[in-house]
(Lines of atoms letter the chains of each structure in order from A and count residues from 1; the text may use other names and numbers.)
(Lines give C-alpha, C1' and ligand atoms only; values in the text may rest on other atoms or scores of the structure.)
Protein backbone atom coordinates (compact mmCIF):
# COMPACT_ATOMS: atom_id res chain seq x y z
CA UNK A 1 0.00 0.00 0.00
CA UNK A 2 0.98 3.64 -0.31
CA UNK A 3 1.63 5.75 2.75
CA UNK A 4 3.05 9.14 3.71
CA UNK A 5 6.00 8.59 6.01
CA UNK A 6 8.59 10.56 7.92
CA UNK A 7 11.48 8.52 6.61
CA UNK A 8 14.41 10.41 8.13
CA UNK A 9 15.24 13.46 10.24
CA UNK A 10 14.92 16.79 8.46
CA UNK A 11 12.24 18.65 6.57
CA UNK A 12 9.76 16.75 4.45
CA UNK A 13 7.28 13.87 4.16
CA UNK A 14 7.72 11.05 1.67
CA UNK A 15 5.34 8.78 -0.24
CA UNK A 16 6.39 5.15 0.23
CA UNK A 17 5.21 1.65 -0.60
CA UNK A 18 4.77 -0.59 2.42
CA UNK A 19 2.89 -3.69 3.53
CA UNK A 20 -0.79 -3.56 4.45
CA UNK A 21 -0.82 -3.90 8.26
CA UNK A 22 -2.38 -6.96 9.88
CA UNK A 23 -4.98 -6.32 12.60
CA UNK A 24 -4.54 -7.99 15.97
CA UNK A 25 -7.42 -9.81 17.68
CA UNK A 26 -8.91 -6.57 19.09
CA UNK A 27 -8.16 -4.33 16.10
CA UNK A 28 -9.92 -2.98 13.04
CA UNK A 29 -8.34 -2.68 9.61
CA UNK A 30 -9.65 0.60 8.18
CA UNK A 31 -9.46 1.52 4.50
CA UNK A 32 -8.87 5.27 4.45
CA UNK A 33 -11.06 7.43 2.24
CA UNK A 34 -9.97 10.92 3.25
CA UNK A 35 -7.57 12.48 5.71
CA UNK A 36 -6.87 15.97 6.95
CA UNK A 37 -3.53 17.62 7.65
CA UNK A 38 -3.09 18.63 11.29
CA UNK A 39 -0.76 21.20 12.78
CA UNK A 40 0.99 18.23 14.41
CA UNK A 41 1.73 16.86 10.93
CA UNK A 42 3.23 20.23 10.01
CA UNK A 43 5.49 20.09 13.08
CA UNK A 44 6.63 16.63 11.95
CA UNK A 45 7.09 17.86 8.36
CA UNK A 46 9.25 20.76 9.55
CA UNK A 47 11.04 18.50 12.06
CA UNK A 48 11.08 21.07 14.83
CA UNK A 49 12.37 20.46 18.36
CA UNK A 50 9.15 18.80 19.51
CA UNK A 51 9.05 16.43 16.53
CA UNK A 52 12.71 15.47 16.76
CA UNK A 53 12.32 14.63 20.46
CA UNK A 54 9.00 12.80 20.11
CA UNK A 55 8.63 10.96 16.79
CA UNK A 56 10.72 7.86 15.98
CA UNK A 57 11.62 7.51 12.30
CA UNK A 58 10.57 6.03 10.02
CA UNK A 59 6.93 6.69 10.96
CA UNK A 60 3.75 6.75 8.89
CA UNK A 61 2.08 10.00 9.96
CA UNK A 62 -1.47 11.36 10.10
CA UNK A 63 -4.34 10.95 12.56
CA UNK A 64 -7.33 12.82 11.08
CA UNK A 65 -9.36 10.61 8.76
CA UNK A 66 -12.54 8.88 7.68
CA UNK A 67 -12.63 5.37 6.29
CA UNK A 68 -14.49 2.08 6.17
CA UNK A 69 -13.90 -1.14 8.06
CA UNK A 70 -12.07 -3.55 5.74
CA UNK A 71 -11.14 -6.24 8.25
CA UNK A 72 -11.15 -7.01 11.95
CA UNK A 73 -9.63 -9.23 14.59
CA UNK A 74 -11.25 -12.32 16.01
CA UNK A 75 -12.29 -10.66 19.29
CA UNK A 76 -13.92 -7.56 17.79
CA UNK A 77 -17.64 -7.11 18.38
CA UNK A 78 -20.03 -4.34 17.33
CA UNK A 79 -18.54 -3.58 13.90
CA UNK A 80 -19.19 -4.96 10.44
CA UNK A 81 -17.21 -4.86 7.22
CA UNK A 82 -18.15 -1.66 5.39
CA UNK A 83 -18.98 0.38 8.49
CA UNK A 84 -17.92 4.00 8.04
CA UNK A 85 -15.69 5.13 10.89
CA UNK A 86 -13.32 7.73 12.21
CA UNK A 87 -11.30 7.16 15.34
CA UNK A 88 -9.80 8.54 18.52
CA UNK A 89 -6.13 9.27 17.89
CA UNK A 90 -5.02 8.78 21.49
CA UNK A 91 -4.51 5.09 22.21
CA UNK A 92 -4.67 4.57 25.96
CA UNK A 93 -3.29 1.79 28.15
CA UNK A 94 -6.53 0.71 29.84
CA UNK A 95 -4.89 -0.21 33.14
CA UNK A 96 -3.68 3.02 34.79
CA UNK A 97 -5.76 4.65 37.52
CA UNK A 98 -7.44 7.16 35.19
CA UNK A 99 -8.22 4.57 32.52
CA UNK A 100 -9.77 2.24 35.09
CA UNK A 101 -11.85 5.15 36.40
CA UNK A 102 -13.19 5.89 32.90
CA UNK A 103 -11.07 9.01 32.42
CA UNK A 104 -9.10 7.75 29.46
CA UNK A 105 -8.23 11.21 28.17
CA UNK A 106 -6.05 11.51 31.29
CA UNK A 107 -4.09 8.30 30.63
CA UNK A 108 -0.41 8.68 31.54
CA UNK A 109 0.64 6.13 28.92
CA UNK A 110 -1.11 7.54 25.84
CA UNK A 111 0.32 6.74 22.41
CA UNK A 112 -0.55 8.98 19.49
CA UNK A 113 -1.64 7.59 16.13
CA UNK A 114 0.80 8.96 13.54
CA UNK A 115 3.18 10.10 16.29
CA UNK A 116 4.17 7.06 18.37
CA UNK A 117 2.49 4.37 16.24
CA UNK A 118 1.72 4.12 12.49
CA UNK A 119 -0.80 6.70 11.33
CA UNK A 120 -3.65 7.27 8.93
CA UNK A 121 -1.88 8.89 5.97
CA UNK A 122 -2.00 5.50 4.29
CA UNK A 123 -4.37 3.38 2.30
CA UNK A 124 -4.97 1.25 5.40
CA UNK A 125 -4.77 1.83 9.15
CA UNK A 126 -4.85 -0.65 12.04
CA UNK A 127 -6.62 0.78 15.08
CA UNK A 128 -7.89 -0.77 18.32
CA UNK A 129 -11.62 -1.30 17.86
CA UNK A 130 -12.14 0.49 21.18
CA UNK A 131 -10.86 3.69 19.53
CA UNK A 132 -13.12 3.54 16.47
CA UNK A 133 -16.22 5.71 16.23
CA UNK A 134 -19.04 4.55 13.97
CA UNK A 135 -20.32 7.53 12.00
CA UNK A 136 -23.98 8.44 11.43
CA UNK A 137 -24.96 8.35 7.76
CA UNK A 138 -25.86 12.05 7.68
CA UNK A 139 -22.33 13.25 8.52
CA UNK A 140 -20.42 13.76 5.24
CA UNK A 141 -16.91 12.41 4.69
CA UNK A 142 -15.25 15.85 4.61
CA UNK A 143 -16.64 16.71 8.05
CA UNK A 144 -15.91 13.25 9.44
CA UNK A 145 -12.30 13.61 8.30
CA UNK A 146 -11.83 16.58 10.65
CA UNK A 147 -13.55 15.06 13.69
CA UNK A 148 -10.25 14.79 15.57
CA UNK A 149 -9.53 18.56 15.60
CA UNK A 150 -13.24 19.30 15.88
CA UNK A 151 -13.11 17.24 19.05
CA UNK A 152 -10.38 19.50 20.44
CA UNK A 153 -12.66 22.47 19.76
CA UNK A 154 -15.69 20.80 21.34
CA UNK A 155 -13.77 19.63 24.42
CA UNK A 156 -12.43 23.16 24.91
CA UNK A 157 -15.65 25.04 24.17
CA UNK A 158 -17.90 22.84 26.30
CA UNK A 159 -15.60 22.81 29.33
CA UNK A 160 -17.67 25.65 30.78
CA UNK A 161 -21.29 26.80 30.50
CA UNK A 162 -21.55 29.18 27.54
CA UNK A 163 -25.25 30.06 27.46
CA UNK A 164 -25.60 33.84 27.54
CA UNK A 165 -21.88 34.33 28.19
CA UNK A 166 -19.36 36.64 26.53
CA UNK A 167 -16.55 34.53 25.08
CA UNK A 168 -13.02 35.44 24.01
CA UNK A 169 -11.04 33.08 21.77
CA UNK A 170 -7.37 33.83 21.11
CA UNK A 171 -6.16 32.16 17.92
CA UNK A 172 -8.22 31.90 14.73
CA UNK A 173 -6.72 28.69 13.43
CA UNK A 174 -9.14 25.95 12.38
CA UNK A 175 -9.68 24.74 15.96
CA UNK A 176 -10.29 28.27 17.22
CA UNK A 177 -12.76 28.88 14.39
CA UNK A 178 -14.60 25.64 15.12
CA UNK A 179 -14.71 26.47 18.84
CA UNK A 180 -16.24 29.83 17.95
CA UNK A 181 -18.92 28.11 15.88
CA UNK A 182 -19.68 25.74 18.76
CA UNK A 183 -19.96 28.66 21.20
CA UNK A 184 -22.45 30.48 18.97
CA UNK A 185 -24.40 27.27 18.32
CA UNK A 186 -24.93 26.53 22.01
CA UNK A 187 -26.01 30.03 22.98
CA UNK A 188 -23.09 32.31 23.82
CA UNK A 189 -23.95 36.02 23.59
CA UNK A 190 -20.79 37.61 22.14
CA UNK A 191 -18.02 35.49 20.63
CA UNK A 192 -14.90 37.53 19.94
CA UNK A 193 -11.81 36.01 18.30
CA UNK A 194 -8.33 37.51 17.99
CA UNK A 195 -5.38 36.83 15.72
CA UNK A 196 -2.86 38.68 13.55
CA UNK A 197 -3.61 36.66 10.38
CA UNK A 198 -6.31 38.34 8.26
CA UNK A 199 -6.98 35.19 6.23
CA UNK A 200 -7.86 33.23 9.33
CA UNK A 201 -9.85 36.06 10.85
CA UNK A 202 -11.96 36.03 7.68
CA UNK A 203 -12.55 32.29 8.19
CA UNK A 204 -13.72 33.09 11.71
CA UNK A 205 -16.21 35.60 10.33
CA UNK A 206 -17.56 32.91 8.02
CA UNK A 207 -17.97 30.67 11.07
CA UNK A 208 -20.21 33.26 12.72
CA UNK A 209 -18.15 35.15 15.29
CA UNK A 210 -19.59 38.37 16.66
CA UNK A 211 -16.32 40.19 16.05
CA UNK A 212 -12.93 39.21 14.65
CA UNK A 213 -10.12 41.44 15.94
CA UNK A 214 -6.66 41.81 14.41
CA UNK A 215 -4.78 42.74 17.57
CA UNK A 216 -1.86 44.06 15.51
CA UNK A 217 -4.12 46.91 14.38
CA UNK A 218 -7.01 47.13 16.85
CA UNK A 219 -7.33 47.41 20.61
CA UNK A 220 -9.34 44.51 22.00
CA UNK A 221 -10.64 46.33 25.07
CA UNK A 222 -11.83 49.26 22.94
CA UNK A 223 -13.73 46.87 20.69
CA UNK A 224 -15.30 45.14 23.70
CA UNK A 225 -16.37 48.30 25.50
CA UNK A 226 -17.27 50.67 22.67
CA UNK A 227 -18.63 48.30 20.01
CA UNK A 228 -20.07 45.48 22.10
CA UNK A 229 -21.01 47.45 25.22
CA UNK A 230 -19.10 45.02 27.43
CA UNK A 231 -17.67 46.88 30.42
CA UNK A 232 -16.85 44.10 32.87
CA UNK A 233 -14.78 41.75 30.74
CA UNK A 234 -15.22 38.30 29.23
CA UNK A 235 -16.87 35.44 31.09
CA UNK A 236 -15.15 32.57 29.29
CA UNK A 237 -11.78 32.48 27.53
CA UNK A 238 -10.37 29.86 25.16
CA UNK A 239 -6.66 30.14 24.44
CA UNK A 240 -6.00 28.38 21.13
CA UNK A 241 -2.87 30.10 19.83
CA UNK A 242 -0.03 29.05 22.11
CA UNK A 243 1.01 32.70 22.13
CA UNK A 244 2.25 34.06 25.44
CA UNK A 245 1.18 37.64 24.69
CA UNK A 246 -2.28 36.41 23.63
CA UNK A 247 -2.74 34.54 26.92
CA UNK A 248 -1.50 37.54 28.90
CA UNK A 249 -4.02 39.77 27.13
CA UNK A 250 -6.78 37.25 27.80
CA UNK A 251 -6.06 37.29 31.53
CA UNK A 252 -6.15 41.09 31.51
CA UNK A 253 -9.63 41.30 29.94
CA UNK A 254 -11.39 38.51 31.86
CA UNK A 255 -14.23 39.38 34.21
CA UNK A 256 -13.94 38.52 37.89
CA UNK A 257 -14.78 34.86 38.29
CA UNK A 258 -14.02 34.19 34.64
CA UNK A 259 -13.10 30.74 33.34
CA UNK A 260 -10.27 30.01 30.91
CA UNK A 261 -9.63 26.83 28.91
CA UNK A 262 -6.11 26.39 27.50
CA UNK A 263 -5.56 24.27 24.38
CA UNK A 264 -2.77 26.18 22.57
CA UNK A 265 0.71 24.86 23.34
CA UNK A 266 3.34 27.57 23.94
CA UNK A 267 6.73 27.16 22.28
CA UNK A 268 8.50 28.29 25.45
CA UNK A 269 7.94 29.58 28.95
CA UNK A 270 5.10 32.10 29.34
CA UNK A 271 4.95 34.91 31.88
CA UNK A 272 1.58 35.10 33.68
CA UNK A 273 0.24 37.91 35.85
CA UNK A 274 -0.66 35.65 38.76
CA UNK A 275 -1.93 38.61 40.76
CA UNK A 276 -4.64 39.08 38.14
CA UNK A 277 -5.47 35.37 38.23
CA UNK A 278 -5.73 35.42 42.02
CA UNK A 279 -7.58 38.67 42.58
CA UNK A 280 -9.97 38.05 39.67
CA UNK A 281 -10.47 34.53 41.05
CA UNK A 282 -10.07 32.99 37.59
CA UNK A 283 -10.47 29.29 36.88
CA UNK A 284 -7.88 27.91 34.43
CA UNK A 285 -8.26 24.46 32.87
CA UNK A 286 -5.80 22.68 30.59
CA UNK A 287 -7.25 20.78 27.61
CA UNK A 288 -5.58 17.91 25.77
CA UNK A 289 -7.37 15.87 23.14
CA UNK A 290 -10.94 14.71 23.56
CA UNK A 291 -12.91 13.06 26.36
CA UNK A 292 -13.43 9.43 25.42
CA UNK A 293 -16.02 9.20 24.17
CA UNK A 294 -18.36 11.86 25.45
CA UNK A 295 -16.76 14.46 23.20
CA UNK A 296 -17.33 12.22 20.17
CA UNK A 297 -21.04 11.83 20.90
CA UNK A 298 -21.35 15.59 21.33
CA UNK A 299 -19.55 16.19 18.02
CA UNK A 300 -22.01 14.03 16.14
CA UNK A 301 -24.97 15.63 17.89
CA UNK A 302 -23.75 19.16 17.12
CA UNK A 303 -23.42 18.37 13.41
CA UNK A 304 -26.78 16.62 13.32
CA UNK A 305 -28.41 19.63 15.02
CA UNK A 306 -27.23 22.00 12.30
CA UNK A 307 -23.70 23.15 13.15
CA UNK A 308 -21.94 23.90 9.85
CA UNK A 309 -18.17 23.35 9.71
CA UNK A 310 -17.78 23.53 5.95
CA UNK A 311 -16.35 27.09 5.80
CA UNK A 312 -13.26 25.93 7.71
CA UNK A 313 -12.48 23.30 5.04
CA UNK A 314 -10.68 25.37 2.42
CA UNK A 315 -8.54 23.03 0.31
CA UNK A 316 -8.93 19.57 -1.24
CA UNK A 317 -6.14 17.57 -2.89
CA UNK A 318 -5.87 14.10 -4.33
CA UNK A 319 -3.20 12.06 -2.61
CA UNK A 320 -0.90 12.43 -5.60
CA UNK A 321 -0.78 16.14 -4.80
CA UNK A 322 -0.06 15.72 -1.08
CA UNK A 323 2.91 18.10 -1.28
CA UNK A 324 0.59 20.90 -2.41
CA UNK A 325 -1.54 20.18 0.63
CA UNK A 326 1.41 20.58 2.97
CA UNK A 327 2.48 23.72 1.10
CA UNK A 328 -1.00 25.18 1.68
CA UNK A 329 -0.72 24.45 5.40
CA UNK A 330 2.78 25.90 5.60
CA UNK A 331 1.63 29.11 3.88
CA UNK A 332 -0.65 30.11 6.75
CA UNK A 333 -3.33 30.84 4.14
CA UNK A 334 -5.56 27.84 4.67
CA UNK A 335 -8.12 26.33 6.96
CA UNK A 336 -8.40 22.55 7.02
CA UNK A 337 -6.74 20.76 4.10
CA UNK A 338 -8.30 17.46 2.96
CA UNK A 339 -6.28 14.71 1.23
CA UNK A 340 -8.40 12.27 -0.78
CA UNK A 341 -6.97 8.74 -0.88
CA UNK A 342 -9.43 7.71 -3.60
CA UNK A 343 -8.37 10.48 -6.00
CA UNK A 344 -4.93 11.12 -7.47
CA UNK A 345 -5.19 14.77 -8.47
CA UNK A 346 -7.77 17.21 -7.23
CA UNK A 347 -7.55 20.68 -5.80
CA UNK A 348 -9.92 23.42 -4.78
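The backbone N, Cα and C atoms fix where each Cβ goes, and this holds for glycine too.
Keep in mind the model is a prediction, meaning the values are calculated, not measured.
What Swiss-Prot records for 38, 63, 64 is Zn(2+) 1 binding site. The Cβ of residue 64 (Zn(2+) 1 binding site) lies under 8 Å from the Cβ of 35, 36, 37, 38, 89, 120, 145, 146, 147, 148, 149, each of these being in the same chain and 6 or more residues away along the sequence.
The annotation active site, charge relay system is assigned in Swiss-Prot to 40 (among others). DSSP assigns residue 40 (active site, charge relay system) to a helix. Packing around residue 40 (active site, charge relay system) is summarised by its Cβ count: 24 other Cβ atoms lie within 10 angstroms of its Cβ, all protein chains included.
Counting every protein chain shown, 18 other Cβ atoms lie within 10 Å of the Cβ of residue 43 (active site, charge relay system). Taken from Swiss-Prot, the feature active site, charge relay system covers 43 (among others).
For 93, 96, 99, 107, the entry in Swiss-Prot reads Zn(2+) 2 binding site, with the evidence type sequence analysis. For the recorded site, residue 96 (Zn(2+) 2 binding site), the DSSP three-state label reads coil.
Among the features that Swiss-Prot reports, NAD(+) binding site is placed at 175, 195, 200, 263, 264, 265, 287, 288. DSSP assigns residue 265 (NAD(+) binding site) to coil in the three-state reduction, placing it in neither a helix nor a strand.
Residues listed for NAD(+), 175, 195, 200, 263, 264, 265, 287, 288, cover a largest CA to CA span of 23 Å. In sequence order, 170, 171, 172, 173, 176, 201, 204, 212, 213, 214, 215, 241 are the residues of the chain that are 6 or more apart from residue 195 (NAD(+) binding site) and have a CB within less than 8 Å of its CB. Between residue 40 (active site, charge relay system) and residue 63 (Zn(2+) 1 binding site), the C-alpha separation comes to 9 Å. Counted over every protein chain shown, other Cβ atoms within 10 Å are most numerous around 38 among the binding-site residues 38, 96, 107, 265, 287. In this structure, residue 195 (NAD(+) binding site) is part of a beta strand by DSSP.
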